[in-house]
C-alpha cells in the first residue's frame, strides 16, 4: 500500500520529467534546424552579394578601363623596359583598378593584391610626375623610369609589409637590368610605404597575414641544427613545388589563350555578356567550394581563413593536427585550381598571396605526414615545413629568390634562412627547366611587346643583316618646311623621325618625336589659317613654307640646330634629340641586344662614317627575336600542349615585312 502511494506520487514527477526532456530535445532540434536554415539563407545572401559585386566590377572594368583587368605587374615590367604604356598609368586606370580589386575580393575570388598594388603605385607616381615641379622628371624618359621603379618597390612593400624584401622582389620581377644608384631611392620609397601602412592599419590585416597571427614565430634566439635527412626533405619540397609551379603557370597560359580566343571576335554587349558570365560562374564555383568544401572543418572553425591562420602555427594537440591535415587534403587541390581560374577572370587580380598559401598547405601536409608516420627523424615542426613550402611554391611560380628575404622579415627569425633558401633554389631551378616565370608567360600570352632572349647562334650577326635600310624608313632633313613636315606626318605613323642635315650627304644630326613635331606643325597651320581668313593668302603660303625651327637643350639653354647658338623658344620651335643612339654596320647583335635592354632603347640608328644607312627599332628587334617561346613541357602534358598552345588562328602568321627578313631562329650555331 505504501509502495503504491509512492508510485502514485512519483508518476506526475516522471511525466513532468519526460515532458521536459521531450520539450528540451524538441527545442534543441528546432533551434538546430533553425540554425541550419539560417546558415542556408546566410549562404544564399552571401552568394547573391558576391555575384552583385563581381558583376559590378566586371561592368566597371569593361566600360571605363579594360586595361585595369589582370595583375598589372606584367604591364609594369613592359613599361620599365622602355615601352610606352601610359594608357595603363592614367588616373582612370588607377580608380578602376582600386574599385575592381575591392570587387574581386568582395566576390570571394582566390586572388592576391601585389600586382594591382604595384600598378596602382606606378599610377600614383606617373600622375605626380605630371604636376608642377616634378614635370621635368616626367619629360626625362630615363628619370621617369627610375621613379616608376621606386613606385614598384613601394607597392610591393605595401603589399607584404616588408621593405627589404619588397625592394628585392620588385627588382627581380620587373627589371631585366637595374641601375644600382636607384636602390637607395627604391628602399626609401618602400620603407615609406611600409611605415605608412603600419601606422594606418593598426588592428586590421595588411601584408600577407593578420599582424596578430604572424607566422607562428616569435623573436627568439634559438637555432635548429638540421641533418642531411632534413636537407633532403627541403630539396623534396622545393622540387615538387617547382614542378607544381610549372604546371600552375602552364595551365594559366592555356586558360588565358582560351579566354582571349573566346573574346576575340566580340565587341560591345556580346563581349560584356561573356565577361559577366565568366565572372559569375567562377564566383559561384569559388563560393560553393569554399563554403561546403569540408563540413567537418567548418563545423569546428567556421571559414577557410581559419585554415590559413593555423597553417603557420603549432597545433596544440595531435588530434588538432590530424583534423588540420584532413582539411588541408581537401583544401589544397581546391585552392590550387580555384586560384588558377580566378586569376584569369577579367578583373584586377594578383598571384603571389594565393601561391604563398598553396605552398604553405603543401608544406604543412608534408610536415604532418612526417610526424604521423615517423618515416624519418626530424626536429622541425609541421608549421615550419609550411613556411618552407610557402616560400618554395611562390618562388616556383614567380622565380623570385627574394621570397626568402620576405619570409625572414615576416617571421622575425633567421634560423629558417638556410632551409628556406635550399627549398627556394630547388624550386627555382626545377621550374626553370620547364617554363618561364608566370609574369613573363603572361606577357607572352597577352601579346605585350617583349624582347626574347637572343640565341647564342645569333650573337655575331652584324647589324646590317637585321636593320631596316634607309630607303624603307621615313626621315626628315634639317631644311624641311612646315608644309613638308605636315605631309610627312600625314603619310607616316612612325613615333620618332631621324633628322639628316640634307638629302645629299645624309649625315645624321638628331631625332625628333612625332608629338613635338605635330605640336609645332599644328600651331603653324592654325596661324596660317588665321592669316588666310584675314585676306592675306600670300602670307599663308609663305608661313607654311618656312623652315622648321629645330633646336635642342644644352646646359639649361635652348640652342638652334643651324648655328648652335642660343635662341628663344617659341611654339614654332621643335625640340629634338641631338644625340640619338647610333651603331655601325658591323656591330654584333649581341651588343645591340644588350644596349637595347640596358638603356631601354626604342630605336638605334645605323650609320657609316656618320651617314644614316638604316635603323633598328624595338619592334624590328622583336620580330627578329620572334614572339613565341618554346617551353620544355612535362611529358604527361606534352600532348595537351600541342592541342592548346596554338589555338590562336593567326599564331603562325608570318609578320615579317619581307619574306627574306632575317629571324634569329634561322641561324644555327657554328660547330
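A Cβ is built for glycine as well, from the same backbone N, Cα and C atoms used for every other residue.
Annotated in TrEMBL:
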- 43-67: transmembrane segment (TRANSMEM)
- 88-111: transmembrane segment (TRANSMEM)
- 147-171: transmembrane segment (TRANSMEM)
- 183-204: transmembrane segment (TRANSMEM)
- 225-252: transmembrane segment (TRANSMEM)
- 272-292: transmembrane segment (TRANSMEM)
- 336-365: transmembrane segment (TRANSMEM)
- 385-408: transmembrane segment (TRANSMEM)
- 415-435: transmembrane segment (TRANSMEM)
- 467-529: domain 'CBS' (DOMAIN)
Helix, strand and coil counts within the domain 'CBS' (467-529) (DSSP)
29 helix, 17 strand, 17 coil
Any residues 6+ beyond the ends of the transmembrane segment (225-252) with a Cβ under 8 Å from its own?
336, 339-340, 343-344, 355, 358-359, 362-363, 366, 370, 376-380, 385, 388-389, 392-393, 395-397, 418-419, 422-438, 441-442, 631, 633-634, 637, 641
Tell me, please, if the transmembrane segment (88-111) and the transmembrane segment (272-292) are in contact, taking contact as 3+ Cβ pairs under 8 Å between residues separated by 6 or more positions?
yes
Kindly state the mean pLDDT of the domain 'CBS' (467-529) in the predicted structure.
86
Other same-chain positions with a Cβ less than 8 Å from the transmembrane segment (385-408) and lying at least 6 residues past its termini are 160, 162, 164-166, 168-169, 171-173, 215, 217, 233-234, 237-238, 241-246, 248-249, 311-312, 351-352, 355-364, 366-367, 370, 414, 416-417, 419-421, 423-428, 430-432, 436-439
